[in-house]
Each structure stands twice: as structure tokens, then as C-alpha cells.
2 protein chains.
Amino acid sequence: MSRRRLHLNINILNAGFYGSAWRAPQSDPTAFVDVGHFVKTARIAERGTFDAVFLADVPTLSDRPELRPYQALEPTIVLATIAAHTSHIGLIGTASSTYNDPYNIARRFASLDLASGGRVGWNVVTTAEASASRNFGFDAVTAHAARYERAAEFTEVVTRLWDSWEDGALVADKASGRFVDLDRVHAIDHVGPHFRVSGPLNVPRSPQGRPVVIQAGGSDDGRQLAAAHAEAIFSVAHTIAEATAFAADIRGRAARLGRDPSGIVFLPGLGTLLGSTEAEARRREDELWSLIPGDYSLRRLAGVLQLNPESIDLDTPLPTSIPLPADGGHTFFLATLQIARRDGLTVRQLLRKLGGSTGHRLFIGTPKALADEIEAWFLAGAADGFNLMPDVLPDGLEIFVDEVVPILRRRGIFRSTYDTRTLRGHFGLVEPDNVFARTARAAV
Amino acid sequence: MSRRRLHLNINILNAGFYGSAWRAPQSDPTAFVDVGHFVKTARIAERGTFDAVFLADVPTLSDRPELRPYQALEPTIVLATIAAHTSHIGLIGTASSTYNDPYNIARRFASLDLASGGRVGWNVVTTAEASASRNFGFDAVTAHAARYERAAEFTEVVTRLWDSWEDGALVADKASGRFVDLDRVHAIDHVGPHFRVSGPLNVPRSPQGRPVVIQAGGSDDGRQLAAAHAEAIFSVAHTIAEATAFAADIRGRAARLGRDPSGIVFLPGLGTLLGSTEAEARRREDELWSLIPGDYSLRRLAGVLQLNPESIDLDTPLPTSIPLPADGGHTFFLATLQIARRDGLTVRQLLRKLGGSTGHRLFIGTPKALADEIEAWFLAGAADGFNLMPDVLPDGLEIFVDEVVPILRRRGIFRSTYDTRTLRGHFGLVEPDNVFARTARAAV
């Protein structure tokens, strides 16, 4: 009987998750283009026996780059570099199903999976940004539903390509001169509305069979994609109740699609801002808040709500007459807006809750209090773990590894050493059936 | 006044260039999927102060994978791994302009260029293989001329994206909160027959400005693309006269396009099969030849000539009535066929000359004799250096580094230590004008 264990990812968002992280005294302002920063952060996470590092991605220059860094370096390049400097930690990269070809994505992630000994995950995104569409020949972003329809077919093609080599297909026998057993390498001959792909892939299977598929969308389409394909989910949730309801919804959808719902790992996002005392944490927050450039937060809020920034009163709650945005790429933001409305926060309080930039839950307090929260969510079944987003990197992660991880280990819910070597192993996921192997062997 | 210096690349073709390299006693038969093999080989080349490593690429399973390895791992993943384990050597990867989007290629190579401190080159290919086209939604490969037309526009877009950030655009000033100087970041607003790309790229410039563009095509279209864009050229040439004529042709085309023809580095391919004595080299060749699986070589020749393999007599020259193939992806092969016809080689001799697989020049002999040949070509101006293809890796490269490189150094034509840190520096290439910087600064 295997014991349920907590899973921890670190989202390496450049100099850190807080909007002003790059301006903090302890951070490197050019960290976003320095693979050394990513490697250093990943090694700290590996010292903390984390399951994986995670890199987000959008193939366009960010909104308002004059004010803050963004994910500039292409994720698989950074992850290959991290792989070379680590031995166990998982490597999860984002790639868009809207602006890539499935053969190229299947191949690049399969190559990274082999290069890292089976530590790779692919986070499928559909890319909502209009500016990205203009880098790929479109005038505007494709409609949400159409993007997700393409994403579902894209993911199906990628996983079939990953299965196109069976285990044992690579023979490499010098004596006989037999290199590959072609009976175990299969064309996929996919023909669908978006793609025609013959295959097979030109990369053999990795030690974990194939990369882990991850999804993060919270919209209805996103949930359906996750239910069909995701083996781990980066969700957004501010309360145990929300997280529990989300997981139940996805598990129900997965079961209706004929999947085993226990084969999905739920990892809500969790921003962390830690201090030795509650007061120290608040001081750290005050300092970071004071460094957020100019009117960045207000303008971002106004942009999402499609309002004139000057029409917004900072010292009252948002008027209830203002409609919240439809969920088209604003899932994270939307959750925070709903909380602000529920709790009657003023716009100023709302902006501060957004940490200058985002809508994930932000924990502010001591390591002990954070460990208590993590344990509570985990034991309640609201989360299998968390996708951590430290305020400033690497020091926010160092505090977590040195002061929160030991508590979680003492409580027996988090590993002290790695006893698996692949991402699939860390997550406790079984290798999915190889559809071609099953068919081919059944036919014998 | 700078002294002209020899340039050396190593083409890391899996277990080696010879068709049976994977079966040689000293090689690892699964080297093609082991990044450790590529890293080990690159480190030997760096010990030999080589300019760069080079990885070829085709996005499809090779012809007859049951008999021999091929380039399976996606090159930028392998190069990122090599970058992490080396400090100076250049990193050249192949990517197809037919089966990629220019924004993605510009970004991935720019990211690798930053990750490696400015050591990257991009080898533009158009991918002749029909099976590759079927992995990307096509029924057959696009016509040669159309592929090259797309390649020219693709390369233009990529280089403009690389220029879209001027030097100095990244400010990252903590005190003022100014992160990027948007006056130095430019949309490219490209609209052409094949692509519409707004830009700017989301990656700043690297220490070498932008990656080096490399080309290898020998066809008329390929030469024109090289003349327009290439800063280094991997050519095929079996004699000093051929190599000299090829370089003169490209330089002439470049001059007619308004480029400085001296800004192109010519690197003919050079297979090497070395022994301490001539007899030892011949024994090594005999052994490797005996290990080429079955009828592989004959079938490949028959395929290129579109003949029934059984109709070919091994002990006579190819009948002159058999037309040689048109140059549509067979440049290397064609050169060898022409030599065989000129020299009256039997088919058996021709197959042996092809080393089981290819049409590059194959040198068989002692380190001293090879150093003499390299020096002769270099001093005659037929080559600026060579793209080396050792028979078996890594040992064929080790012999070269330990026994040929010292001779070239003693003769004063090859570096003993690196005195530059970028690929552009190693190749003696100047950083091209940034078109946006020139325009923007001129307007001030």
C-alpha cells in the first residue's frame, strides 16, 4: 500500500513572482535572460527534493516590457540546461498548441525527455495573447473554443507520436547488424480537422515511457482538455472549498471520458511571501509593494475590465455594476476579482492582493503557518501538492526549502530523499498504455 | 593586420560518419540517443580548440532505420546540453525553413545564443525528404525552387527578428524602475508571400549580436540563398579546383547582391579515416567496410538512380547511359557519382568511396598526410577550414585532436588556445549592422 505524498513544483518566473521582484535589493534584475539564474534556482529546489521546476511561456513580447521582466528564453532550451546541472528534479515546460506543429513539439519534448533520463513534462497552452497571433501570420487570436479544439487534436497527435516507438524497438545489436525492430515502430497516420501526420516519431521512448502531459486552463474548454489528457493540473484556487470542487469536477469529467480519475495530480498555484515573524513578512510585502513601478497594477486591472484607469476610485470597492470579464485567458485574475467582490475589498486592497500582477493565491506569513496551510489543504484532499511561486528568486525559494520543507518532512507528508528518478515516478503516475504496443501484441 | 587562420568544425553524426560506425568495436551503438556521447565528443573538440560542433537534422525517421542510426535528438536540445558542459566551442544546429515558423526558430536560436554566451549558429536547410512532408500535413515535398523561395524569406524574417532588439535596449535599472527602453525595440512588421510577422522578438541580443547563419546547399537555388544570407558554408568538394570554383561562384553572387564577399567562411566537408601508417588506415577501412549491413549501400545507390538494385553489376562502372540524378537534395551523392564516372570506378569501388552512405570527400591515411592536405587546401584558398566527419566517434576525433591538430598548430595555421569567446569571433566574422539601429539612430 503506497502512502499518499505531497508534490511540490517551483514556478521559476524570472526574478520571482511578485510584480517588483526584479527591483528587490537581493535579486538580479537581468535574471530573466541568465540561464545561470534558472540553474541556481533549480538546484535549490532539488536540494529541497521538489518534484519539478516549471516554466510558463508566451511567444510574444509581454505587455509593458518597459516595466518588468517576462519569460524571454524559450523553455526547452532552459530546461535542457537545467537537466545538465541536476540529476533528479522534473522539468516541465510550456509550449503552445496554437503556434506549433505537433511533430516538432513531440520530438523536442521527447528529445529533452531522453536527455534528462525521463524527467520531462509538457504544459499544453493555447495562448490567448493577440500579439502572439500576429507573430504567426494571424490578424487576431483564434476564438477560445477553436483554440481548445485544436489543442485537443494536437495533444492526441503528440501522445500517439510518443507511443509510435514501443519499448524494445531499439535493438542496436552489433553482432547481427540489426539496429531497429521495425515491427515495433508504427506510423500513426493521423488525419483530423487540424492536422495530418504520418509519423512515426524519430525518437525512441524514454525511461518514463513518454513525457507527462500537464494542463492549466480553468475555463470549461480548459477543464475538458485537462479531463481528456492531463496527468497533472496547475489550477488556481483561493480556498479549500474551491480547490476541492475543481478537482471533483475534473475527476467527474475524466471518469465520463473513461479515464481513471486517480491518475491526475492537482497542484494549485501558491504564491509565497515569507518572514520569520508575521510582522517581518508584512514588512517584506510593504517593501515589494512600494517597488511596483508606477501605475502598472491599476492599468493592468483597467485593461482586463476594459475601463479607463482614471475612472477607477482606489478607495472604494469596484462598483458591482462593472461586469467581470468573460473567462478568456483571465482565469487567474478572475478568481481574485471574485474574492475582492465577495470580501468587499477596495480597489487598492484588490491591487495589493494581486501582488501587482496575478490572481493566484498569495500566502503571506511565517514558514510554520505556511506548512500548516499546505498540510491542511493536502489532508483535506483539496490538493495533491502545489505549484509554488515565491515572491523573489532565488531567496524566496531558499527560505521555503530551509524552513518549510523540514517541517513538511517531519510531519511525514513530503519526501526526504528522491526514491524515484523520473517525473512520472515523482508524481506517482503509471506509464500509460502504449496504444500501438497493445494493438500490435494483441494481433500476434 | 590579422593573420588568416584555419577553422575546424566537427560534424557529430551519432557514432560516426562511416556507415557502419555504430558496429565498430570501439563505439557505443546507442550513442545517437545519448546526450552524454555528444557532450563527450564536443569536449574532445574543445580540447582541440575547434571552432564549433555541428548537428545535421531531418524531421522524420531516416530511410532504413533498421540498419543504422540517424539524427534522432532535436539539435537545439543537444546543443543546449553541450553548452552547459563547455565554455568556448561554437554550437551549430540545423533547422528546416520548410517545417517551422520563423518566429519560433528565431526565438529558440536566440535563446540558445544567450544561454551559451554567443556561441550559436543556425544551419538553414529546406528538407528534401518526402517522408518529412507527411509529418507536417503535406502529401509530397514542395518543389525545390519553392522551398528555397520560402527559405530566403524565412531567413530574412529570422535575421530581422534578431535585430529587433538593439544593443542597450535592456536597461534593467532598479533605481528608476525602467526595465526596457522601448525606443530600442522594434516591430518588424514583415508582410511577404509566405509569412506575416509583426515582432519584435521577445529575446534581447546576445554577446555576438545574433547567431551566425550557415548554409549547405550546392544547387543553384542553394548557392543563391547562401550568397544572400550565409556567413559560413558547408560545401562539398573533392578537389582544390572544385572548392576554389565553388567559393568563387558564391563570392561573385554575394558581390552582385551588394555583400562583402570576404565575410563568408568556406568549410568543405571532410571525412577522415586515420591510421598511424597508410596500411593501418587501410585495415581500419577494411574492417568498417566489412561491417556495413548487407546490401545497404547498393540499395541506397539504386534508390538515388531509380534503378532496380538487381540490375546493377558491381564489377563494372555504371553504364554511361544511366542518367545521373538531377540535383534535388542529392548534391553530396552526385559529386561522388561524377568522380566515379570520371575515374572509371566500378560500382563496388564507387560504393566503397561513398563509405556506405555519403558523397563527401573521404580522406584515408596518416595524420601527417592529412595535415599536409588540409594545409594545401587552406593555403591555396580553396577552403577557410573544414567540416570534419570522423569515421567513428569519439575515437576518430581523438586521433585527429591528438595527432593532426598539433601539426597544424606547429605550422602556425591553427590556434593553440581560444582568444575569442563567440562563434562569430572564432570565425573572424564581424557583427552585421543592425538594420533597425541604423535607421533609428539616423532618424535622431
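Glycine is no exception: its Cβ is also placed from the backbone N, Cα and C atoms.
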Of the candidates A:S219, A:S235, A:S262, the one that TrEMBL places in the FMN site of A:D57, A:T94, A:H144, A:Y148: A:S219
Cβ neighbour count (within 10 Å, all chains shown) around A:H144 (FMN binding site): 19
Cβ packing number for A:T94 (FMN binding site), 10 Å threshold: 22
The domain 'Luciferase-like' (A:33-290) [mean pLDDT, rounded to integer]: 96
C-beta crowding around A:S219 (FMN binding site), within 10 angstroms: 20
Coarse DSSP state, helix versus strand versus coil, of A:S219 (FMN binding site): coil
C-beta crowding around A:Y148 (FMN binding site), within 10 angstroms: 23
Cα-Cα distance maximum in Å, computed over every pair in A:D57, A:T94, A:H144, A:Y148, A:S219 that the record assigns to FMN: 19
Count of other CB atoms lying within 10 Å of the CB belonging to A:D57 (FMN binding site): 21
